[in-house]
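Enquirer: I have a structure I would like to understand better, so I am pasting it below and will then ask my questions one at a time.
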Amino acid sequence: MSSRKQARLEAKQFIDTLSVQPYPNSTKVYIEGSRPDIRVPMREISLADSLIGGTKEAPIFEPNEPVRVYDTSGVYTDPDYAIDLYSGLPKLREGWIEERNDTEILEDVSSVYAKERLDDETLDDLRYGNLPRIRRAKAGKCVTQLHYARKGIVTPEMEYIALRENMGRAQYRDDVLTQQHPGQSFGANLPKDITAEFVRKEVAEGRAIIPSNINHPESEPMIIGRNFLVKVNANIGNSSVTSSIEEEVEKLVWATRWGGDTVMDLSTGRNIHETREWILRNSPVPIGTVPMYQALEKVNGIAENLNWEVMRDTLIEQAEQGVDYFTIHAGLLLRYVPMTAKRVTGIVSRGGSIIAKWCLAHHQESFLYTHFREICEICAKYDVALSLGDGLRPGSVADANDEAQFAELRTLGELTKIAWEYDVQVIIEGPGHIPMHMIKENMDQQLEHCHEAPFYTLGPLTTDIAPGYDHITSGIGAAMIGWYGCAMLCYVTPKEHLGLPNKEDVKTGMITYKLAAHAADLAKGHPGAQVRDNALSKARFEFRWEDQFNLALDPDTARAFHDETLPQESGKVAHFCSMCGPKFCSMKISQEVREYAKDTEQVAADQAISIKMLDDPLEGMRKKSEEFRATGSELYHPAVHAEADE
């Protein structure tokens, strides 16, 4: 059997047999809001008690508070839910959408292409079987979260997000957990407690977005903005040479398990429409796409044959399926294309290269630019956010921060203002390949020219010499730009520049980028960001190995690495690991120092350790050496009361 067929069979088995898979020693908890249908999921990690004294026969323990962490995994980790990927997820937001009374149910799909797919009986075996009713804004109505926010309306989505962003940190009473270094926020506004009103205000002013298509009620509300937790996007999608619907659904579930805040379906192969339907109906997180990819497939891959009619039909098709945000490369203008001529790597954006080719072939501005207002009108009817694409992002560090890149960025700022006229939510996409010392300029330029709309970057990669390790080269840049104010990071997997990522590549990319995002939250001083670090550090010092594993971003790998060298159960309680062994563990020695100091705390400091200063330093050293050997060459021993100085 070929490896491709084997991968597809394994993915289908995954879909058919998927069951709830909770995290180790974790419980799915729900925080209730002001109404019973606002239930915000979090993962609560239970911790072992700390040994604080007593004897071997009668030890004294102190309980450790459980730690709550942000949870993107949806019902896939809820033991009370019976998973059925063929039926889809619960429609969490459907009631909220209905009670606003500004949408209508359509009798049929509006897209010509979608109708053709539905009428094609040969697709019956591929098609998702439980298609939902399609909604659209009523005539004269706008249904975006930005519209509601500007009207002063605090939606259930906004209250949900406020509870989610606070991560239940008000429950903590242990000062060890709540201590935190002040951060450097570079002008970000990070309130101690996030309220629903704060969420509304940030959305109203364009500094944050809530991706929430009315046709994707399964998604759990989340926010992307500089003044909130840094988010991470995972890319999935088939290509013309590899992957299947089953594999992409498997990647979706896998990506959200490991922390994907949003997922982009970048499929360019067969059955894009059907693949996307399966993904949307089973996604607890917002889904983004690049509609241009599917539009290109509709004209047989010939960029010059693209036109507004094909693109418009594609936008409506995807909006009615439930896509939460579109990447639109509308800022790439004809006059910017010659600016890339002297680049080392030219135009590396897939969407950017398509638009550039179209502009040159027709020698006019792209239909995305000339029809941008119509794009906004479509988005406003379904609450699809716009992710304004950086088609001229640098593809090598040699091309970083050049004229073409920043010219397009300024145009994206102009388009942002147009989108806001229609109450359409906007984020701005960024690079790319940028060396470390040039990263901050990207954030500064974006804030200046794009009116503080959220920034969303691919990395950036800080060097070009590490194919196979670009999750690391980009993770460095991602942590930095997240610290400077970037709102969402698009993950990079080890397969970047090499091939389509598989399931394990998705996990590696996600863990790397959750690490980068968390490091940025710590550096910004996001309230409560340090709680998990503090809990893990305390567990590490107390040799609570299971707690260390369970608090880790990747408990499975942490446990596996430990067990490679200390597989016995006794290794889970040992006061050392295989790195240093029992005699050289700094934390074990440090604990002994702490116990020694505790035992002698009633003795004056100048008596606790007898170090007598002598007139002859060398003689003093010799005597202390003899004294050390005479007492058994032990690093620590009971204090000896020193004689009074003569």
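Backbone N, Cα and C define each Cβ position, glycine as well.
The model shown is predicted, which means the values in this text are computed figures rather than measured ones.
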Enquirer: Looking at substrate binding as recorded in Swiss-Prot, which candidate out of MET222, MET264, MET311, MET480 goes with ASN235, TYR293, HIS329, SER349, ARG350, GLY351, ASP390, GLY391, LEU392, ARG393, GLU429, TYR456?
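Expert: Substrate site check in Swiss-Prot: besides ASN235, TYR293, HIS329, SER349, ARG350, GLY351, ASP390, GLY391, LEU392, ARG393, GLU429, TYR456, the record includes MET264 out of MET222, MET264, MET311, MET480.
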Enquirer: May I ask you to indicate which of 3-25, 49-71, 95-117, 624-646 is given in Swiss-Prot as region 'Disordered'?
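Expert: So the range that Swiss-Prot calls region 'Disordered' is 624-646.
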Enquirer: Report, in whole Å, the straight Cα-to-Cα distance of HIS497 (Zn(2+) binding site) from TYR293 (substrate binding site).
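Expert: About 18 Å separate the Cα atoms of these two residues.
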Enquirer: ASN235 (substrate binding site) to HIS497 (Zn(2+) binding site): how many Å between their Cα atoms?
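Expert: Between the alpha carbons of ASN235 (substrate binding site) and HIS497 (Zn(2+) binding site) there are 14 Å.
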Enquirer: Roughly how many Å lie between the Cα atoms of ARG393 (substrate binding site) and HIS497 (Zn(2+) binding site), rounded to a whole value?
Expert: 15
Enquirer: What is the interatomic distance between the Cα atoms of TYR456 (substrate binding site) and HIS433 (Zn(2+) binding site), given in whole Å?
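Expert: Given the Cα positions, TYR456 (substrate binding site) is 14 Å from HIS433 (Zn(2+) binding site).
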Enquirer: Under a three-state reading of DSSP, tell me whether HIS497 (Zn(2+) binding site) is helix, strand or coil.
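Expert: SS state of HIS497 (Zn(2+) binding site) = coil.
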Enquirer: Would you mind listing, in sequence order, the residues at least six apart from GLY391 (substrate binding site) in the same chain with a Cβ closer than 8 Å to its Cβ?
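Expert: Set apart from GLY391 (substrate binding site) by at least 6 residues yet with Cβ under 8 Å, we have HIS329, GLY331, LEU332, ILE347, SER349, GLY351, GLY352, SER353, ILE355, ALA356, GLU408.
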Enquirer: Looking only at Cβ atoms, how many others are within 10 Å of the one on HIS497 (Zn(2+) binding site)?
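Expert: Taking all protein chains shown, HIS497 (Zn(2+) binding site) has 13 Cβ neighbours within 10 Å.
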